[in-house]
Every structure is written in C-alpha cells, then in structure tokens.
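Quick look at what Swiss-Prot lists:
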type     : residues                     : note
ACT_SITE : 175                          : active site, proton acceptor
ACT_SITE : 294                          : active site, proton acceptor
BINDING  : 123, 173, 177, 295, 327, 379 : substrate binding site
BINDING  : 201, 203, 204                : Mg(2+) binding site
MOD_RES  : 201                          : N6-carboxylysine
MOD_RES  : 208                          : phosphoserine
MOD_RES  : 330                          : phosphothreonine
SITE     : 334                          : site 'Transition state stabilizer'
C-alpha cells in the first residue's frame, strides 16, 4: 500500500490534546536533500519550553493543529509532517532560540512561492504560545528550485541586451514621485538619460493616478528613451511601473510597454503579490522585457529583529518568483541595512552557489542550480560622495540609483546625471588601477572634480550630508559551540 493511502486504523483513535513536542520535535532526524529547511527565531511565552515552541512552529506550519483529529489515521503523518530537528539559544538574547524545521517537499505546490509562504509564514505567526516569531532563512532544495522559471533574463542576458560591461549600471528615480504631468515627467526622464544614466525609474507608488495616467506616462517616457538613445549612442531604459489593481490590468500595461519597444518594466512585488509577480515574470521572459522589482512594504515584514521575516528570505523568494533587479538597501544611505547582512543576501541574489556563513546571516548553504541571478539595486539617500563605497561594496553586477542625488543637483537633472556618471567612471578606473576605494575614495572624487564642474558642484552641495543612525536589524554574535547545523 502506498504511503499516501496507508491508514493507521488499527492503532485506534484517542481524542484529546497532547504536547506538540511528542510528535514534531525530532532531534534525531537527519535532513534530506529534498527537504525545505527553515531557521526560525522563536521567542516562547513564559513557561513554554523551547522544544515545545519549536515543535509548535513545525506542527502549525505543516500538518498539525491544536488537538488530535481522527483523520490523522487516514494518511502517513511521518511522510508529511514538518519536524523541528534542532534548537539553539540566541547569544546575548534572553528567551530567544533558533529553531530549525525541515519540511517534506510534497507539502508544496511546484512553482508557487504563494503556496510555500502560505504554509511556512502563515497562521503560525499569530500563535499564542509564542511571544514573537521570525523566519531568518530558508534552504530551497534543487528539486524545488527546478520547478521555477526564476528571473526573466538574469544578469548576463541583461548586460548583453544593454551592451554594457565592466561597471555598475546607473539609475535615477524621478522626483517628485507624485504630482508631475506625463509630459513634464518625460522631460525629466530625457534629461537624466542624456546626461549619462542607464536607467530612470517610476517611483513605487506611481501607477495610474488622476494627475498622470499610465498610458500617457508610458508614451512620453518612450519618447524620452528614443531621443536620448539617438543623442548618446547608448541603450537606455525607464522602469515603467506595470503594477495595477488586477493581474489583467498589469499584463495589459506590460503588453503596451512591449509594443512601444522599451526594454524594461517594473513591479511592486510585495504589494502586488507573488502570484501576480510570477505571472508578470513569465510574460517578460516570453516577450523580451527586463523586469525591475521594487520591495515596497518590506520593512513592515523585515524591520524588527524578533518578529516577521528577514529580507534574505524575501530576496530568495523573489529570485524564485522572478525579477531581474531588486532593491537591496545601500548600507551607506538613508535606509536600514547592516553591511554584512546586506552582502549576504546580495550574494544570494547574484551567485549560483552560496556557502553557509553565519557571520553574514546565511544559515544554510544554497545551491541555485543555474537559476538566473538578480541585480541588486542600491537606492535611498545616496549621492556622489557615496560612489566609492557603493562601487566597493556592490561591485560591477549592481544598479546604483540616485534619485535626489541626481535631481537635486543645483544646475538641473542633466548635470546631476553627468556628475554621477563621472564619479562612477572615476571610481571604476581607480579600482581597475589597483587603488583602494575604501581608503582613497574621497581623494578619487576630489581628483575627478578638477575636470568635471558638474561633479564639483554636486560635491559641494552634499559634502555635509550624513545618515548616521544605528542599524536595528544586526547579525547576532554567534557562539561557535552552538552552531552545529549544516
């Protein structure tokens, strides 16, 4: 008899409530290559043992419920249940533990981030026995990864489409984000692109409002792209935000972008949802469009250290669902982002194989089995003085996006774009000559100012700007004696 139809009627059914740990805490379990592995930060309520808390997470996110049910005997619980297989205390934190849970692959629908998250980060996060719960990391097994298309094109294909190599790409978010007419918006796009940027961008909340309907914006931005390409001889793009109230409307906007011949569209993947995002990613691959992803709403989910979900999990989910770019913080700008943690999930976005490294917040070795990579986008409160640090931190395979750092230039948009392009080219040249950007960065920018008045003006405006606030979501100081999980 197959495990799916095997029953346990002979055992008999005994109604009542029993501790989760009797069924779902299995420290002797050896994980399988096909298991989805999760690392949860668990804060039990007073009086709840960590083993019971970890087992409750495994149960409530897989096959369990609060009481024994007779229908357990109609299936093979051992085949389908989640298992809490290891628990370790969090150093320096009182009553916090990392609970490792293994999920059998058969619990999840193929190619569906929506289904995976509905189980793993579903109702269990409201469980009363837990004071707080956070999903720190997931190990996606190759067997499950292979059921996803992933990014529409990936890093190498994007570079080939743009014919741009050996440096980060430059972008700019058009400001003010709301209120411009479509024609004025297109004018701002044109000035930035002709000044030397590779991309400009719709802000995440630019959809189709009364002051600027989406079709008008698409037309004026396409005009700006073609005019700037003709003047500069470079391929240009603008992230046309296709996010809409329905999936049908979203695809309609993407179809119009394709008909205009532009290279890239955009989606807000968390507010739009993973089902919509995956649908759009499939359309983009089939029709030659790059897909830029904004992470609006992520901080609602990932900002607090003891509850929610770390962004590295959202980044992995996006790579599965599909996107060629995703915003990833800056480390040096106005938005939250610990350096080591950021570099950890940047590698998870770009690389094919990433080793476990708890010093960077990576709990599991991740093999992407040739799934295309995603370009991290550094955006938020950055300007020309940050260029050396950004080039050193993110490397060539990234997009550096300056909104106010372009449009806030005292001479206008095009000079602002020139300043950023000159600063980037100076940093790349200095790096290629063997100079240390972390040490000599400011000097490299000052030298470039001598032959670029646009850069000199930008440096003068932003010389005093700092965002020196402590990072909330930092990596735990690990005690090597407790980290025994591969």
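Glycine is no exception: its Cβ is also placed from the backbone N, Cα and C atoms.
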Q) Where residue 201 (Mg(2+) binding site) and residue 379 (substrate binding site) are concerned, what is their Cα separation in Å, rounded? A) 11
Q. Are there residues of the same chain, six or more positions away from residue 294 (active site, proton acceptor), whose CB falls under 8 angstroms from its CB, and which are they?
A. 204, 241, 266, 267, 268, 269, 326, 327
Q | Rounded inter-Cα distance in Å - residue 173 (substrate binding site), residue 203 (Mg(2+) binding site) | A | 6
Q.
Can you name every residue in this chain, apart from 201, 203, 204, with its Cβ inside 8 Å of the center of the Cβ atoms of the recorded Mg(2+) site?
A. 173, 174, 177, 202, 205, 206, 239, 241, 266, 294
Q) How many angstrom lie between the most widely spaced Cα atoms of the substrate binders 123, 173, 177, 295, 327, 379? A) 37
**Q.** For residue 295 (substrate binding site), the one of 175, 203, 208, 330 that lies nearest, given that the recorded positions are compared by Cα
**A.** 203
Q) Given the binding-site residues 203, 204, and counting only Cβ atoms in the protein chains shown, which has the most within 10 Å of its Cβ? A) 204
Q | Rounded to the nearest Å - Cα separation of residue 123 (substrate binding site) and the residue listed as 'phosphoserine' | A | 34
Q) Taking Cα atoms as reference points, which of the recorded positions 177, 203, 208 is nearest to residue 330 (phosphothreonine)? A) 203
Q) Looking only at DSSP and grouping its letters into three states, which state does residue 204 (Mg(2+) binding site) belong to? A) coil
Q | Those recorded positions listed as 175, 177, 201, 295, 327, and which of them has the most Cβ atoms within 10 Å of its own Cβ | A | 201
